[in-house]
Every structure is written in C-alpha cells, then in structure tokens.
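> Just passing along the structure, written as structure tokens.
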Amino acid sequence: MEYATLADYCRRLETADADVELVATLADLFRTADADHLPAVVTMVRGKVAPRWEGLELGVSSSLTTDAVLRATGVDPDALEVEWRDRGDLGAAAEWAVENNRQRTLVSGTLTVIGVRETLRELASYEGHGSRDRKVEALAGLVADADPTEARYLVRTALGYMRIGVGDGTVRDAVAEAFLTDDPEAGDDDAPGTPAATVSGVKAVERAAQLTNDYRVVARTARDEGIAGLRDLDLELGRPVELMLARKAEGLEAGLTDVARRDGAGDADAPGWRGHVLVETKYDGIRVQAHVDGDDVRLFTRRLVDVTEGFPEVVDALRTGVGAERALLDGELVGYDAATGEPAVFQELSRRVKREDDVEALAAELPATLHCFDCLHVDGRTLLDEPLDARLDALETAFDPVDGLERAAATVPDDVAAARACYREAVDAGHEGVMLKNLDAGYQPGRRVGRMLKHKPVMEPLDLVVTRAQYSEGRRSSLLGRLYLGAYGPDADAFREVGRLSTGYTDAELSELTDRLEALVVDRDGRDVTVRPELVLEVEYEELQTSPEYGSGYALRFPRFLGVREDLGPTDADTVDRVERLYEAQ
Ligand code: ATP
C-alpha cells in the first residue's frame, strides 16, 4: 500500500465529525489494506510503529524533526517556526514546508506504508556518537519523498501522536465493522436495537485484544478467520497482558457489599457478601505479571515494561517455587529494607526498576518479594473466565512459597469487625490498606472494575471530639447519625469544628454512640443537639480543604468513622494547629 493512501485516510479521519463516520472510514481503510500491510496500518494509524509492549523508543524530538524538515525542504527556519506556532502542530508545519519546498527536484521515490514503518523502526536502533545526525538524515529522506499530506502524518508518526481522534475503541469497532459484520455465528447475546453481529463482533475483538495485546494479530485474524479465529486466540507467555484494575471503595463496610454486586449488576441479584468477598493486603510496590515458561521467566509491569533484569532474586524464586511448567501470575513486587525488614516505600523500590545502581547491590540492600494474588494461566489452562475462587486454587497449586515469592495475605471475613481487623493488621504492618475482591467474578484485563475495590487511609487518621450532633433521617431517625467534629485549640481551651461525619459506622456502633452522646447533651434544638465535648473519635478522610463553614477554617472531605479512642481525653485530641500543618503538607 502506498503511504499516500494511508495519509489520505488519516486526513479523512481527522476531519470526520462523528464517531460513526470515524469508525466507518477506518473500517474502510482496514478493508483496503492487503494482508501484508494490514498489521502496519493498524499500528500506524495510532501513530505507532510497534505495540507498546515492544518498548521501542524512536528517540525523535521535535527539534530533531524540525532539523529533518529543514534539511528536506530548505524552507526558512524562522518561517517554519512561525508556521509551527500558528498551526500548533509540527505535522501541519511540515505540510506547509513541503508545499513551499525549495528543493522539489530532490523527490526520488514513492513511499509505502511498510517502507515508512521500517525506516522509522530503524531510528530506534541508532545509538551513540553521530546517531542524532543519522536520525535527522533518515527522517529528512522520508520528508523529501513525501507530498504535503504525507509529510503531515509522517512527522506526527515520528513524534508518536496522530491527533486524528482514533483511539483503541475506534480501532476495535472498526476491525469488527470491517471484517465481522456478516458472521453467521454472532448475535447470540446482545442488546436489542443494535445489529447483533456487530455487537458480538466488537466483543470478540475486544476480548482478543485483551488476550493478545496486539491489534496486528487481532486485525489479521478477524480478516482471515472471523469470529471463530478470534475466539481461538489466547494468552501467550512472554507477551504481556493488560492487568485488571480496581475502583475505590466508599469505605470498608460499603465496599464489602458493593464488591459483592459485581460491577453494579443489580442489587436484587447481589449475594450477601459474607463468604463471597476476599479481603487482601494491599501492598505498596510495583504491580507485575510473572510469565513462567519452564526456566524462562519474565516480569512485566502494569505498563507492560519488561523489568526482568532488575529483579534477579525474584526470577530465581519463581524458577524454584513455581511447580507448574507454565504459568502467568499477577502480583505486587515489594521491596523490604534488608536491615529492618520493613516494607520500603514505592519510590525506593523504583530505584531497582531504573537500575540506578549495580543490580546485585540494590538487590542486597532492598530485596524484593513478589506477593502473588492471581493466576491467569497454568499449564495450558487460561483462567480469565474462571471465578477468583478457582483462580486462587490454581495459584495455590502453581507454586510453593519460597524466599522472594509468597501469596498475598488474605482472608474471607464473616463480619465487618473481622474485615476491619484485616485492614488494621495490614496498615499496622506498614502496608497501604486492603483490596476487596469478589470471589465469584472472572478476570477483566485492562479494566477498572467494581469486582475489585481498594480501601486505604488517604490521609493519616485524626482524633477528633464530637461537639454537636443531629438525628438522621429515615431508617436511622432515632440515631444521632451526623456528628460534628472539633479539633482542640489549646490557646482558647475550646474545640473548633472541622467537619461532619456521617459514614463508616454500623447500626450497632451508631446506636452505641447515640447512647453515649445522649448522656452528654447540654442543649437541644429540634433534631439538633449540642454535647459536652468528651467523646474522641478516630476518623479517616480523603483530604483537607479550607472552609468558611466551620470554626477551624478547615473541612475534612469524605470523613469516615474508624472507632472510638477510649484511651484519649478531649484535650488529647488533635489540635487545630496540627490540622493546619496537615493541610499545608498535603
Ligand atoms: P494505587 O495508587 O491505589 O495503587 P493504581 O491506580 O496504581 O492505584 P489500582 O488498580 O487503582 O492501581 O489499585 C490497585 C493497585 O494496587 C494494583 O494495580 C496493584 O498495583 C496494587 N496492589 C497491591 N496489593 C494488591 C492486591 N493484593 N491485589 C490487587 N492489587 C494490589
């Protein structure tokens, strides 16, 4: 395929006004590409010359590109600069430069899609002395052979952005539209009102993309083998997958019920959470997927970067500990201070990824442990559609814990108090918090899903005194559910309010708090009571804001009840000064 064809399509995509038009145009481009060019077209339309996980860095800056455009076209540097500024994009400025080319006679050949891709890929291999000049030369060669439209997109591809509105979702929909609309097998399980084959096609493409992480393979398979071929695609060891991501829990108790609902699939179907939710330590480290294929072990981060070389002791642990012949494990890599055994903060561990020092020296100073919490594949069985429960069974049999390789600490709590105890234990051991996971749910690569929630204290909890309270509405109307909290101001020996608490407690806890507060009431006004400031509560929250609403001048955002500090008197509570310092520090 000539590069001019791709460039023309890019122009049409850039000027498309609706998503439907974008998808239709892209589908048309995919149908137009022959089998050899389709993989290149699929990546280049996103401004890439390789999938992200290949980690290919072209090392092309805008100043290098400018030099290449100047060398190819001979336009005035200041004029190019002005065009760049006015058009807001170096690709558009390159287009202008080619239109005003003073060296038109140098044009020597026709650019092809594969030719452009190969030249750009080669740039990545130029290293060391003279490499910049070689890159300028190679890029100038392409620009010299380009017409204005080709130059516009060539330059954008070299810089790694296309600005034509094509994202992963557009590519997914276009592959389905181009190759799968007529599939007779499709149309079994989809929404009314949409051409069933297209919706099933989109799902099949998305699934295949999650498994392979490579739209080159997906597009070619869709084209040559249709939906059936896509359904046969599988994880491949050595090729990283997108990992499942979490959402935030609205507090521990709400999280337990929410996570049991499986991505908001409807309350009516929600099982009781007891027995269905795993509460697991949330470690503060680096998310990695470990691919074990016999002795061949590779570690990839969440961004699909290969970090195997940085963690030789973990690679050894996987070689020793994993009994399965082939496995893909998901986990968190945590560095532990060799002297104290304490978990290191993430920033420390990232030194090991960057390999800032000798790898062995760093490993001795900050040995890492992989805490595994999921198993995506074991010995020929891909487990993504299996419930977490079954995947954890597979994890259990896939490896034996050894130094540097462990299961993440987890329990299936029977009540909120047990879940809270896990959370406390995790935080007290220096970890970040807990993950809440639905034991009946499958694994969704690359998605932020409600079947896995995270719960952590965002700020250090504060100990605050209840100054006023209000009765709740509705079901809890006999309970004092809204509690105003004050920080201690030693100067005036008074409490200054910092916010109002209304979540985090169970009914039983709230009823006990109500009894205690009613005994402290000094004034009543309808449903509002003022209380003697005696009861100290431990409260977590997400951040501090300044606020004219409360006497302290600050307000807690999303405060949540953690417990009563029986051991503290009101003057032991956190002070207004401390709140101020925390506000400054955040
Ligand atoms: P955060 O900054 O809170 O870690 P994030 O955006 O990096 O969030 P999320 O998916 O939102 O990632 O939160 C879950 C992250 O927590 C995972 O990506 C993983 O790195 C980490 N983690 C630590 N322990 C666990 C665990 N037991 N199960 C799942 N993820 C865990």
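Counting starts with 1 at the first residue shown.
Each residue, glycine too, has its Cβ placed from N, Cα and C.
Where the annotation comes from TrEMBL, it is an automatic prediction and has not been curated.
As listed in TrEMBL for this protein:
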BINDING   E280, R287, R302, E332, F373, R448, K454  ATP binding site
ACT_SITE  K282  active site, N6-AMP-lysine intermediate
DOMAIN    361-489  domain 'ATP-dependent DNA ligase family profile'
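Could you place these features in context, so I can see how deep they sit and what lies close by?
According to DSSP, F373 (ATP binding site) is assigned to a strand segment. In sequence order, E280, D330, G331, E332, L395, R407, A408, A410, M435 constitute the residues six or more apart from F373 (ATP binding site) in its chain with CB-CB distances below 8 Å.
The 10 Å shell around the Cβ of K282 (active site, N6-AMP-lysine intermediate) contains 23 further Cβ atoms across the protein chains shown.
In terms of DSSP secondary structure, the domain 'ATP-dependent DNA ligase family profile' (361-489) contains 32 helix, 54 strand, 43 coil.
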> Taking the Cβ of E280 (ATP binding site) as the centre, how many other Cβ atoms fall within a 10 Å radius?
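Here the count is 22.
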> If you measure R448 (ATP binding site) to K282 (active site, N6-AMP-lysine intermediate) at Cα, how many Å is it?
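So the Cα of K282 (active site, N6-AMP-lysine intermediate) lies 16 Å away from that of R448 (ATP binding site).
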> What is the number of other Cβ atoms found within 10 Å of the Cβ of E332 (ATP binding site)?
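Within a 10 Å radius of the Cβ of E332 (ATP binding site) lie 21 other Cβ atoms.
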> For the domain 'ATP-dependent DNA ligase family profile' (361-489), report the average pLDDT of the model, please.
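The average pLDDT of the model in the domain 'ATP-dependent DNA ligase family profile' (361-489) works out to 92.
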> What's the CA-CA gap between R302 (ATP binding site) and K282 (active site, N6-AMP-lysine intermediate) in angstrom, rounded?
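K282 (active site, N6-AMP-lysine intermediate) has its Cα 16 Å from the Cα of R302 (ATP binding site).
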> Please work out the number of neighbouring Cβ atoms within 10 Å of the Cβ of R448 (ATP binding site), leaving out its own Cβ.
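That number is 11.
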> Could you say whether, by DSSP, R302 (ATP binding site) belongs to a helix, a strand or a coil region?
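The three-state answer is coil.
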> Please report the distance from the Cα of K454 (ATP binding site) to the Cα of K282 (active site, N6-AMP-lysine intermediate), rounded to the nearest angstrom.
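Answer for this pair: 8 Å between alpha carbons.
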